[in-house]
């Protein structure tokens with residue numbers, strides 16, 4: 001019987017993961033092909049970018065699999081499932097999941113600190129038309145510049161190995177769940193410091209891009225674009241006025257009555273006429289597309305998706321707000337703002353726990369939420385570009401993004417995924433920690449699993465165990481996550497009002513603005 005349970009649990013857990021992995025690869029390939037410049041792209045950069053995005057997303061999508069194995073170790077009545085009664089089998093599953101996390105994180109960090117920097121510097125040399133160099137010299141130069149990033153990562157590992165870590169108090173029962181985690185060796189402490197440091201950077205990226213995109217994306221779907229027909233009529237009227245003024249000035253010039261100021265005004269008006277005619281042609285081209293002809297059903301779908309996305313965005317904000325308030329009331333700075341249990345209601349946490357009763361509804365909802373937040377980050381990057389010190393460094397354009405910008409896009413998205421893991425844990429702490437496990441208290445009472453449960457009565461997910469161990473031993477990172485999450489809430493609220501009352505533009509006007517920005521770059 002235990003063997004049948006084992007097969008059921010393994011296949012039920014890994015089949016969705018395989019399907020999700022295939023979906024993740026397709027999603028990474030779609031975004032890479034969508035934005036890559038068709039003229040200057042190369043297959044090597046595409047492979048590096050697609051693999052980096054895929055593995056970074058898979059680290060996120062391992063979480064519901066982790067929750068699945070932890071939850072199905074216990075039955076609803078609080079007793080152990082047949083397959084989990086064998087302690088060695090359960091330990092093997094936990095070790096396999098933990099090793100998988102470390103392998104995936106390691107691959108992502110190698111992409112972030114080695115592969116993507118190399119592809120960036122090699123593409124930078126290839127784009128320099130004034131630099132006549134062979135492929136070998138370009139590779140050598142790219143390797144030389146790339147060495148800075150592995151050295152920086154090595155410094156992080158060294159710091160993680162030598163700085164003093166917080167040790168648990170064995171006489172205290174408050175952190176019994178964490179005491180077992182301190183028996184690990186220094187290698188995981190080194191990795192934990194590097195992971196936490198990158199996650200803080202990821203949270204900063206999340207504040208900037210997801211804080212804007214989580215409101216800008218659904219509002220753009222709901223509000224739509226301005227009417228192309230109305231704008232074209234206004235432009236035609238404006239053109240008639242321009243032509244009348246230009247004709248008047250030309251007639252004055254032919255009669256010899258025009259002064260220097262008249263010639264300057266004529267030049268300005270002719271430039272405005274050329275710009276308006278180009279804008280009218282763009283509008284005419286847009287009105288001849290299938291998108292414009294099917295605008296009514298498309299707008300209906302956009303509004304429905306936008307309302308659904310906006311609802312999810314508000315749920316994330318409300319859940320994060322309640323989680324932060326709960327941390328203030330039930331934790332302290334000394335503990336890295338790690339609460340023992342969730343005391344305030346949390347909508348996303350509640351929905352995920354309820355959906356877990358119908359397999360694999362929670363998996364589908366979790367993947368949908370992660371993909372939505374990922375799309376919001378991508379939308380913000382496309383809308384505002386890759387920024388450095390509040391200045392736009394690269395523009396992200398459909399089919400016109402140069403390889404260097406594409407590498408920067410993927411690097412920022414990978415960092416955002418690191419930040420997303422912290423965000424997901426904050427908005428669904430019970431689901432990501434124990435799922436819908438229960439334990440028997442006092443021999444008769446059945447309680448949901450939390451950190452007050454006796455050690456050995458519940459199975460904690462490996463993702464949460466690792467995160468809490470890192471945060472407890474290095475409380476500065478937990479402190480940083482906490483205050484960055486407040487900043488994320490403020491940016492999201494401000495961006496909602498900013499984009500809600502922003503003047504709409506047409507697709508043709510948007511295209512002209514993008515072309516003007518490309519020329520400036």
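Backbone N, Cα and C atoms are what each Cβ position is placed from, and that goes for glycine too.
If you look up TrEMBL, you'll see 225-289 marked as coiled coil. Residues or ranges marked as transmembrane segment in TrEMBL: 6-31, 43-65, 102-122, 142-163, 190-212, 303-322, 363-381, 402-424, 480-499.
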Among 43-65, 102-122, 142-163, 402-424, 480-499, the most Cβ pairs under 8 Å with the transmembrane segment (190-212) come from 402-424
The transmembrane segment (303-322) in contact with the transmembrane segment (363-381), cutoff 8 A, at least 3 CB pairs, sep 6+: yes
Any idea what the model's mean pLDDT is for the coiled coil (225-289)? 79
